[in-house]
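Remarks on the structure that follows.
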Amino acid sequence: MSSDTTNSKGNNVGLIALVVGIVGIVIALFGFKQGWDNGDVRPIMSWLIGIGFWLSIAIGMLFLTQIWYVFHARWPTIIRRQCEHGMAAFPYLLVLFLPLLAIPFLHENPGLLWKWMDGHNALPGHGTVGEDPLYQWKSPFLNIPFFAIRAVGIFGVFILVSGLLRRWSFNTDTTGDVNNLHNARRLSSLGLFLTSIAMTLGAIDWFKSLEYHWFSTMYGVWFFAASMRAAISALLILCVILAAKGYLKGILKQAHRYDLGCLMLTFTIFWTYISFSQYFLIYSANIPEETFWYNIREMNFDGTRNSWWWVSMGLIFGHFLTPFLCLLWYKTKVVVWRTVLVACWILAFHVLDLYWNIVPGKMVTPDHGPGYLVRQFSISPYDIAALIGIGGICIFAMCRSMKKAEPIPVRDPNILTSLNYTE
Amino acid sequence: MSESYGIIASFPNTPAFFHAAEKVRDAGYKKWDTYSSFPVHGMPAAQGQPRSKVPVFTFCGGVSGFSLGLSIVWFMNAFNYPLIVGGQPFFSPVFPFPIMYELTILLSAFGTLGGMFITNLLPQHYNSLFNSDKFLEVSGDRLVIAIEARDGQYDPVATRRFLEEIGGTDIEEVSA
């Protein structure tokens, strides 16, 4: 095999990704610094969007790997290896998360991004966070030390589980010891619980607590569904690129792409089911503590439509209806360019979904009178810089991991089933 | 002998069976089929069969379920007997969603089941192939290709010779 040439190609891609990543991160951090100095939260949210996007892909890959282990799935053996490379990004993502974790400890207003972190922060209407009975009730959970411990624990789970799964799978390549895979399967059955809890806590802490008044029991599942969609789409694009570049040439069959396409359809429906159920329960119950979260995503305080209304409609028609109808067709799932197009489309709207969950917020009016302002939809250059920058580092991590192991798990007992897989 | 239904030929093993099917396809026959007691991967392509039409029935079922759900809620709660529930509007696409969604799934399933019956030409209580004792062994270990007499290219002598050429054994004509 011409492993020398492919490896050097991988080197180049990794190096380019690293350079692009560093440039993007420098630009995004410049925005972060501006926001830090001026007390402007928007450029800091750019960083959170970037982290959220790439973290969701890595989390989805971690879930897919464990689900495949637990169900003893044989067809995705060749794809599992690509997930394992993707999961190499977790330690880097922890480092990239640190600027956000620094806000409560180093900034003069600890509640710059997560406003509950500072009791002096004014609330729309009247009062401050510290005087808010809802915050007082939630303070045993929502306090800075516990938040920091949780953040470390959440990343600890991701890094530990993904690290062990990677080590065992790569070890099988060299030793052929099947016990590695038994261990991986055992760990996965526990790890699915651990990762689910860690992911739910992460979604609650980092995204939901931006509006700490609001509560939804569906939120963790929403993030799971969104992560799976993003991971499957990213995985499909990755596999197609690897097949075109020679790593998986002749290995990635139409049947693999078709099944990933089916999973993409499944999680498109699942994401919609979860997102709609969350909306529907809050709509039916009609309690102000919950409905305000959707209100600000639809209208301003005076009831006029705001920019988020269009984004919401964009999510319904762009993130659900369009990919759903496209993926119903068999041809969409087997014709390469169509599948890749739908996967890119889903990833683009996944970013929009993150915007929709992170950016809108109630802001105090300038005279601190009744009512509130809604932070409107905008795409800042720092968003793009953060997405590209953090993505560059993640891709660098993946390319680095690719040099450590075979392109497919060559000595996995299921490899032949996966190689000969047909629809 | 009564009118002929077609000719059947048996094949000794799956690869021979599979490649014979490809040859029948390439020879341009249309009214023919392969019979085995287990699924052979890739056989639909070897037979030159297009994709199944069942998804079309499923889709039609789903669309009618969706619109049925939408219209019954609109008719009952907004038109025939306008009713205020929980301070919500008489009609909105939001609250009938569970019904629309359930009916979409239900009628998609009905569409799939019905479509499967229709495209498989079921129920079919009689098939002339059962007149052949050799054909009955298909449920055991026999692999059979049958070319029907209603095929435009069918010729009792030429088709029999063709089946012999592609490796068929136990060739026999089945009466209708």
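For all residues, glycine too, the Cβ spot is worked out from N, Cα and C.
Curation does not apply to TrEMBL; its annotations are automatic.
Copied from TrEMBL, the annotated features are:
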TRANSMEM  A:12-32  transmembrane segment
TRANSMEM  A:44-69  transmembrane segment
TRANSMEM  A:89-107  transmembrane segment
TRANSMEM  A:144-166  transmembrane segment
TRANSMEM  A:187-207  transmembrane segment
TRANSMEM  A:219-248  transmembrane segment
TRANSMEM  A:260-282  transmembrane segment
TRANSMEM  A:308-330  transmembrane segment
TRANSMEM  A:337-359  transmembrane segment
TRANSMEM  A:379-399  transmembrane segment
Would the transmembrane segment (A:219-248) and the transmembrane segment (A:44-69) count as touching if the test is at least 3 Cβ pairs under 8 Å, pairs 6 or more apart?
yes
Under 8 Å between C-beta atoms and at least six residues away from its ends: which parts of the chain pack against the transmembrane segment (A:337-359)?
42, 45, 48-49, 52-53, 56, 207, 210, 226, 229-230, 232-234, 236-237, 240, 257, 260-261, 264, 268, 297, 308, 311-312, 314-315, 318-319, 322-323, 326-327, 331, 375, 377-379, 383, 387
Distant-in-sequence neighbours of the transmembrane segment (A:187-207), which means Cβ under 8 A and at least six residues beyond its ends:
48, 52, 55, 59, 62-63, 65-67, 69-70, 100, 147, 150-151, 153-154, 157-158, 161, 164-165, 168, 219-224, 227, 357-358
Who are the chain neighbours of the transmembrane segment (A:144-166) in space, where the CB to CB distance is under 8 Å and they lie at least 6 residues beyond its ends?
58-59, 62, 65-66, 69, 84, 87-88, 90-91, 93-94, 97, 101, 104-105, 110, 114, 117, 183-184, 187-188, 191, 194-195, 197-199, 201-202, 205, 401
Are there residues at least 6 beyond the ends of the transmembrane segment (A:379-399) whose Cβ is under 8 Å from a Cβ of it, and what are they?
10-11, 13-15, 17-28, 30-32, 42-43, 46-47, 49-51, 53-54, 57-58, 85-86, 88-89, 91-93, 96, 351, 355
